[in-house]
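Below: the structure, in structure tokens.
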Amino acid sequence: MVVSLSFPEADPALSSPGAQQLHQDEAQVVVELTANDKPSLSWECPQGPGCGLQNTGNSCYLNAALQCLTHTPPLADYMLSQEYSQTCCSPEGCKMCAMEAHVTQSLLHSHSGDVMKPSQILTSAFHKHQQEDAHEFLMFTLETMHESCLQVHRQSEPTSEDSSPIHDIFGGLWRSQIKCLHCQGTSDTYDRFLDVPLDISSAQSVNQALWDTEKSEELRGENAYYCGRCRQKMPASKTLHIHSAPKVLLLVLKRFSAFMGNKLDRKVSYPEFLDLKPYLSQPTGGPLPYALYAVLVHEGATCHSGHYFSYVKARHGAWYKMDDTKVTSCDVTSVLNENAYVLFYVQQTDLKQVSIDMPEGRVHEVLDPEYQLKKSRRKKHKKKSPCTEDAGEPCKNREKRATKETSLGEGKVLQEKNHKKAGQKHENTKLVPQEQNHQKLGQKHRINEILPQEQNHQKAGQSLRNTEGELDLPADAIVIHLLRSTENWGRDAPDKENQPWHNADRLLTSQDPVNTGQLCRQEGRRRSKKGKNKNKQGQRLLLVC
């Protein structure tokens, strides 16, 4: 059974004439109902940016945050699947249903250049027609969406864990480790997070700020750690690492003070591609690459004044500046030169299947520090190739020219000529299949016992190196030995260590009793009432803010 979904058009009265050239194709959404009545998504991905958003009065902060969420690839995929609204029991006033409608209308009807008005369900509980902190609104929205998902899960499965699509996309785990400096005993505590706050007071780059987050902190004097093994307060060290990496990484540059709201307006560089592996508590396997897809920017002196806007990366790879109703194209250089407030990165574990592709050839070049070190050493000890001293043309061009000038027919004639000179005759007697294949390739067989390695080389046709001296080749011919295609290498056993969509509960099964914290904002007042925490066996509840 195939059901086509259609959605109402955006308000034409809010159309932006100048934005119509930025949008082209309207996506087509088709939900296929499987045998067990679970919808599987099959849709043509929207390529352009979403609609502009109307400023209803000091609402630029929420417009900028909503644009970043709308262009979050995993979240957009989930919203466009309409999976949540099909199971929601109370869609009226539901934040998840409201976000689903917002993302769907913005992305599926962006071809006409319409300007949307954000839903009051998303804004009314927070927006009071005055400037607010965009990061605070962002975390408030994610929290309320998470709570909406939990209500649906608890109604259908009362014993279900406190997980949701919001946790699956944005959620990660901190590991806080305290080590007693006397007995060397350690105590680990794990806390959930939706964003990573970075202290930029002394950092020149995001990478440096991430390293500063993991610096060891000494606990002495009044802050000494009570060691269960020593049975008294002892000096200790405390370190904080990311234990479980999220699918979408939100890096919040702490530009505003907690009390006065004054802004730290300094330049902090950030990369287009980020490797999170060095900052993990257990950095195993290959690189863990992330790609930048959105940047939230603030212009002004305090968080309660000035102006907010954002940059987003569309599915086809182009960048756009989303400034309320204005949607303008830009380049990545402009994006990387901004004084960013919140950075949005999406995990790129599977480079060929993600929404925003990172160039495969640049993975090691951009992300792996060890590769950079080896590369610099090779440059120092690399000898000058005699091929480059040829006054004719570079060796790569000569190889291409030689390859192009030798056709398949000429190669067959040359092969037959070489066979005759080598004195090889084809017999009509019954041959072993392996010998038939070897003769077709023009290879000689040794009568004595052949090693397994040599058998493999002959099967691959690599014994040509032994017959180069017998071939009658032109004087200017170049023999190129090509390996078999490596296109399918690694497909049978892909890297499973850096898979996205980490399950926090699965990571904690082999650990000691764990402290799970509530979802909190970096700073600012709480706008919503959290559900009652269940004191599960072996856990103590910890409020992490």
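Placement of Cβ uses the backbone N, Cα and C atoms for every residue, glycine included.
As annotated by Swiss-Prot, domain 'USP' applies to 51-348, with the evidence given as sequence analysis.
What Swiss-Prot lists as active site, nucleophile is Cys60. If you draw a 10 Å sphere around the CB of Cys60 (active site, nucleophile), it holds 22 other CB atoms from the protein chains shown. Cys60 (active site, nucleophile) falls within a helical segment according to DSSP.
His307 (active site, proton acceptor) is surrounded by 16 other CB atoms, counting those within 10 A of its CB over all protein chains shown. For His307, the entry in Swiss-Prot reads active site, proton acceptor.
Positions annotated as region 'Disordered' by Swiss-Prot: 368-442 (among others).
Feature annotation from Swiss-Prot assigns compositional bias 'Basic residues' to 374-385 (among others).
The compositional bias 'Basic and acidic residues' annotation in Swiss-Prot covers 393-404 (among others).
Look at Swiss-Prot and you will find 489-539 (among others) tagged as region 'Disordered'.
According to Swiss-Prot, the compositional bias 'Basic and acidic residues' annotation covers 489-505 (among others).
Residues or ranges marked as compositional bias 'Polar residues' by Swiss-Prot: 508-519.
Per Swiss-Prot, the feature compositional bias 'Basic residues' maps to 524-537 (among others).
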